[in-house]
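Quick notes on the structure that follows.
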Amino acid sequence: MTTRGKFITLEGGEGAGKSTLLAGLRAHLLARGVELVQTREPGGTPLGEAIRAIVLDPALHGMSGESELLLMFASRAQLVRECIEPALAEGKWVLCDRFADASYAYQGGGRGMPVERIAMLERWATDGLAPDLTLLLDLPVATGRARAAGRGEADRIEVEADAFFERVRAAYRARAAAEPARFRVIDASRSPAQVLQAAIDATGHLFGAVA
Ligand code: Z5A
């Protein structure tokens, strides 16, 4: 019988270093012989990437918080069914750049959408799927925004004020504190090499099931 794969998600504010860490972590896991699928949210499927283009389009500044929330979960519902669940069932590990915690942080913390509504959508869209491990890259908002600056035109969410991103950060930290068994909070103000090492250390316990 195939052993189910592990599901790892990366979370954090703007410019936290998720993409940088993903490259290093992916290389580490492949070197350990893990069969891996890497994906992202919003996006990761043809439908999800089309939704991503919509939710990040700066021209669509009139989008309501409700519409934004539903679009994030539409992308997620597709990703779970088309990509994540099949991969895990085949024994592959899945590395995902953001997942449901991002909706609690951005739409819940940032936009003030009610948590119960997000939880209801999560149950529906993910069918109970939760990460085995979530790496939260935590750093001050100003540091992340400075890192992300100069990448060209800001997307529809990046144009939000610092106060929005402070609420996002607080919501992420609250979720990590509420679920310490699933989350590992990594100080993302350290060097890329130190952040990668912390992530590698955090994945160690997942290898029990790998031959
Ligand atoms: N969103 C949402 O609202 N609700 C949801 O449910 C979901 C998402 C799933 C797109 O996400 C947007 O969607 C996002 C949340 C929202 N909006 N915002 N803001 P995304 O993950 O695709 O985009 P992002 O958050 O804007 O990621 P990013 O800014 O591309 O950052 P990153 O991937 O975390 O960082 P990076 O590209 O690795 O690094 C940024 C720069 O810092 C780069 O120059 C690196 O070389 C540098 N860097 C990286 N690590 C370090 C360290 N350790 N030290 C110094 N410099 C570093």
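Glycine is treated like the rest: Cβ placed from N, Cα and C.
The domain 'Thymidylate kinase-like' annotation in TrEMBL covers 10-197. Annotated ATP binding site per TrEMBL: Gly12, Gly13, Glu14, Gly15, Ala16, Gly17, Lys18, Ser19, in sequence order.
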Residues flanking the ATP site, with Cβ no more than 8 Å from the Cβ centroid of Gly12, Gly13, Glu14, Gly15, Ala16, Gly17, Lys18, Ser19 and excluding those residues themselves: Leu137, Leu139, Gly144, Arg147, Ala148, Ala188
Cβ neighbours of Gly15 (ATP binding site) where a neighbour is any other Cβ within 10 Å: 23
Cβ packing number for Lys18 (ATP binding site), 10 Å threshold: 21
Binding-site residues compared (Gly13, Gly17) - the one with the fewest other Cβ atoms within 10 Å: Gly17
